[in-house]
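Read through the structure below, which is laid out as structure tokens, and then see the notes.
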Amino acid sequence: MIQTTFPDRALMAELVAKMLWEIKAVHFNAAQPYKLSSGMASPVYIDCRKLLSYPRIRSTVMDFAASTLLRDAGFEQFDCIAGGETAGIPFAALLADRLGLPMIYVRKQPKGHGRNAQIEGNMPEGSRVLVIEDLTTAGGSMFKFIDAVRAAGGIVDHGIALFFYDIFGQQRFTDGKVRLHHIATWRNVLAVARAQQLFDDKTLAEVEAFLDAPLAWSGRNGGVSELSL
């Protein structure tokens, strides 16, 4: 199935943010910050994998992903969709079905030997591959999958994250010659929280302070204040 309707970008971002709140996939807690795997302290947390459990929301989000790619990348720019183990795999399958394309998945670690040791599925040499993840912060995990696809002979010029933290910019993607596509960010989630008055003003102000200066906020709240991006 090929998606051929193209909703406004701002509307898609707002709707995805509302969906994430509706299914309780996002959380704000400035008083007891979350500890991220990077060592950062954060007043925000998200679990995009919950999208998979809600068919109507899941279908709409994948329609938005297809629309974003067809409009911003083109209709004939990809030969294959790749999902990273594990969260990216179901979304890769859903997007590949939407776009009528083959799908592969990329292991975190090689299985066996050879240049295709991280690739599961059929990827001919020179295939133009789109890598999808449920979310990305600065691109570190996505580039592990991108590098594996490139090492196996694939061409990766584009990646898509359904949710982009958008707190560290896109320098990693610029340096890696990959265009990042995304649907929603923390700014969209915060805007919905404000509009619907989901939290008190102090909590919302703390979240905004984190988004404006994440490492400084982390350092003040028991987390690391420096990261290697």
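The backbone N, Cα and C atoms fix where each Cβ goes, glycine too.
DSSP classifies Ser141 (5-phospho-alpha-D-ribose 1-diphosphate binding site) as helix under the three-state reduction. In the shown protein chains, 17 other C-beta atoms lie within 10 A of the C-beta of Ser141 (5-phospho-alpha-D-ribose 1-diphosphate binding site). Positions annotated as 5-phospho-alpha-D-ribose 1-diphosphate binding site by Swiss-Prot: Arg107, Lys108, Lys111, His113, Glu133, Asp134, Leu135, Thr136, Thr137, Ala138, Gly139, Gly140, Ser141.
Feature annotation from Swiss-Prot assigns orotate binding site to Thr137; the stated evidence is sequence analysis. The Cβ of Thr137 (5-phospho-alpha-D-ribose 1-diphosphate binding site) lies under 8 Å from the Cβ of Ser38, Tyr165, Ile167, Phe168, each on the same chain and at least six residues away in sequence.
Under DSSP, Arg107 (5-phospho-alpha-D-ribose 1-diphosphate binding site) is assigned to coil, being neither helix nor strand in the three-state scheme. Neighbour density for Arg107 (5-phospho-alpha-D-ribose 1-diphosphate binding site): within 10 A of its CB lie 15 other CB atoms from the protein chains shown.
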